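Notes for the one structure printed next.
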2 protein chains.
Amino acid sequence: MTQAESRVLCPALRNRIMSADEAAALIRKGDNIGMSGFTGAGYPKAVPGALARRIHQANSEGDRFKVGIWTGASTAPELDGALASVAGVEMRLPYQSDPVCRQRINAGEMEYIDIHLSHVAQFVWFGFLGHLDVAVVEVTGITEDGQLIPSTSIGNNKTWLDEADKIILEVNSAQDMNLLGMHDIYYGTQRPPHRKPIPLVAPGDRIGQPTFRVNPDKIVAIVETHAADRNTQFSAPDENSRRIAGHILDFLQHEVKKGRLPPELLPLQSGVGNIANAVLAGLEDGPFENLTAYTEVLQDGMLQLLKSGKLAFASATAVSLSTDALKEFRENLAFYRERILLRPQEISNHPEVIRRLGIIAMNGMIEADIYGNVNSTHVMGSQIMNGIGGSGDFARNAYLSMFMTPSTAKGGAISCIVPMVPHVDHTEHDVQVVVTEQGLADLRGLSPKQRAETIIERCAHPDFKPALRDYYRRALKGSPGQHTPHLLDEAFSWHLRALAGRGM
Amino acid sequence: MTQAESRVLCPALRNRIMSADEAAALIRKGDNIGMSGFTGAGYPKAVPGALARRIHQANSEGDRFKVGIWTGASTAPELDGALASVAGVEMRLPYQSDPVCRQRINAGEMEYIDIHLSHVAQFVWFGFLGHLDVAVVEVTGITEDGQLIPSTSIGNNKTWLDEADKIILEVNSAQDMNLLGMHDIYYGTQRPPHRKPIPLVAPGDRIGQPTFRVNPDKIVAIVETHAADRNTQFSAPDENSRRIAGHILDFLQHEVKKGRLPPELLPLQSGVGNIANAVLAGLEDGPFENLTAYTEVLQDGMLQLLKSGKLAFASATAVSLSTDALKEFRENLAFYRERILLRPQEISNHPEVIRRLGIIAMNGMIEADIYGNVNSTHVMGSQIMNGIGGSGDFARNAYLSMFMTPSTAKGGAISCIVPMVPHVDHTEHDVQVVVTEQGLADLRGLSPKQRAETIIERCAHPDFKPALRDYYRRALKGSPGQHTPHLLDEAFSWHLRALAGRGM
């Protein structure tokens, strides 16, 4: 790449440009590395692979080389896959969704901490997670005065840049320079006791600046790349997703009628994936206008809502689009830059802001139990799937907290409504609405027993209803207490049957 | 009581003065009633008993008469005990600790919803819990212009007064008129999307007014009482409590040394009970000066710290003292009024404020599992003890979230560290420190397996360590996944043995 084409416009920094291998050589064994990346957007494309090669080389020479990898959220095969493949990760946090990574964790070969996304940045400032040695952050460009133009995600990048001893930047010329102006980096956070209110009262409020500040002395390497983000492909909503979306839209309309929601609703938060996308597609045809979103990730469905004008504004921390949607996004960046703000994840997920704005939170789950406890993370109580991500930040502090799943999994062999979940991520105190394709259970104002009756009758699949009723009826008789009736000797019998390969 | 002595100074309201029986007659079958009261402080002393008599009469005549009872938190035998005794409560929320009430709930004769204390007021404004028909609120006096001087707790009283159709006031002349000025009633809360930042940046900040506003047209009855709050007696800290306190004090000193806490610490939140009181007693002899508290309940231990000058300021929603401490409090009210503010519980427990101030949260629990999930509410997974109270509000949003219990219960027959808790109130994502008399487990930055090893070795009682190690070791081999190793067929075997009367 010639200097004329380079996006490293700051003259003093041009001498730090080097290859990914040279940059990776600056990382030491045992370092904790804060990398950019959130939902497959804005992660470094070259240095992780170079680091993986270096680790592989060291390991093959009998030199055990591992590092700690901290990110915003999930990344891509080039990062999590590459480093997990060479067994290079000692401790991973705060979220992952990579198949190789997951396999390593569940084989007991890699440690993982699954942390509320709003907690990560402050835990690092507080010194709770150990020392941050290196930041590896993708940016779109470096301005003449050394400011960094963010990429397609913000995540924890501000914190990594502020806290790391050494900074490695990847300047990715495949990211659009017109992203400049779509970011809002808030520099008002402090450690207690010096914290002030966050001055954000609507999803579109700008409270920060469009670029990252950085101490240029800490920049030890700049690697120029030209590579696209991981593509996220969405399948067209299936029948179950459409039915779940339908129940949610009916419920929201009912809440507006009852005066419990304004006609334009309240800011939407939507988890990642096909069901979430189906709900958004449903809003496209629904009666609501002038919607807003205050969420983590802007996916295809929300882009479509922005385009059609149904959605007036979206705040997020990452833009994660399919190839087609990305094309639309880039061709109309000026339009979207007026309607999208990307923020640090401690702000996109901040309990203060979520409670103030009164978010409508919609998140997927693995399973719920009859009393409304939700498992979002563990298969059969012990195997991690992905992680809690931001679902807890939103569920606890939202105006309305909804969890959704098809009522069965494994082709109908397993029920996603169970007597007791073997891992709890969202307690009975934090779950207001449970939705499956069978129906919607509104748990607000219900005691545990009333919740059980509602969840079984509204949400369970007909194939499993009789057995759930039977468990609940026998628990009502045989449980030592009648507040939350349970038979502890068979509460997990459904999971044990599934583990034995006998369905539930 | 003559008019000269009366504390109903507003002339227009004097004609609403009546007996408790007359006032109770204004309550209808099926009404939802918002009553004052938080930790046995400031609850109505006369109307609940009169209502219980009325209900008993109706029930004995075959007329099923039940009401919904909403409070701040726990009350006293005159309220919860009286109404539960006559089976007068259909639905109780958000917290109780009354033996008769608990017995009814666990017998399946009374519904109960156990709600985060910071959520209650807003759920009522949002209309999520149904209609609030009547407020029954104790006050210290009524000013000439009709403002209400709060009593020894605020709880949800502002919300009850604002939202109820009808208001019954109890004016309790046993409460000290010099309480005037100790309260800070914030009227800045709104429903979304109209919410603004809460302008509170230190425990002593005044953001509201000293009295409740009330629409006088809604006041249907005023009952004059002269009765003390329930006394809370504290036993002198036992050996276990002193050892738990010692571990916590050592830990806090260590955190100051490491630069993770300032020398004056951060605002303290302390749960209710003897262990909490022991920790506070420990602070009395500790090295920390100029402490502050931002908590729910001001108990004896904190009063002592204020008196000695160790504690510079305490914010709470209730003052709940023993007889001796109450004497000290009343004799020096002018001194304490400069150092104590009582706030509505949505402010004392507000996630926005708790996160901003950076609270050190210390709460009791029933049991923890080896992975750091905490059960605060259920015995053997099904019987309610009291409720989650504010522990979740604080744990989730605190700077440091600690949970404490003796390592065993039932004279050593039962371990309070178990393989898996059969009810989760605080998930692995929200628990940073577990403390027993055996030691303190600092879980920050640890993966599930690292947490298990730490909790077993630091916190479990020596009598149960071998069996916990054995479970964990076998789970490491036999679990379907190695992220959070569990054997689902024996995860509750400890509880099942206890239920069978065979210890654990």
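Just so it is clear, glycine is given a Cβ too, placed from its N, Cα and C backbone atoms.
Not measured: the values here are computed from a predicted model.
For reference, TrEMBL has these:
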type: ACT_SITE; residues: B:GLU296; note: active site, 5-glutamyl coenzyme A thioester intermediate
type: BINDING; residues: B:ILE366, B:ASN386, B:GLY390, B:LYS410; note: CoA binding site
type: DOMAIN; residues: B:17-224; note: domain 'Acetyl-CoA hydrolase/transferase N-terminal'
type: DOMAIN; residues: B:333-471; note: domain 'Acetyl-CoA hydrolase/transferase C-terminal'
Using a Cβ-Cβ cut-off under 8 angstroms and a sequence gap of six or more, which residues of the chain neighbour B:GLU296 (active site, 5-glutamyl coenzyme A thioester intermediate)?
B:PHE38, B:THR39, B:ALA73, B:LEU117, B:GLN269, B:VAL272, B:ALA316, B:THR317, B:ALA318, B:GLN345, B:SER348, B:ASN349, B:GLY389, B:GLY390
Quick check on the domain 'Acetyl-CoA hydrolase/transferase C-terminal' (B:333-471): DSSP residue counts for helix, strand, coil, in that order please.
45 helix, 37 strand, 57 coil
Restricting to the same chain and to sequence separations of six or more, state which residues have a Cβ under 8 Å from that of B:ILE366 (CoA binding site).
B:ASN375, B:SER376, B:THR377, B:HIS378, B:VAL379, B:MET385, B:THR405, B:CYS416
At 10 angstroms around each C-beta, which of the binding-site residues B:ASN386, B:GLY390, B:LYS410 has the fewest other C-beta atoms nearby?
B:LYS410
Mean of pLDDT values spanning the domain 'Acetyl-CoA hydrolase/transferase C-terminal' (B:333-471):
98
In three-state terms from DSSP, label B:GLU296 (active site, 5-glutamyl coenzyme A thioester intermediate) for me.
coil
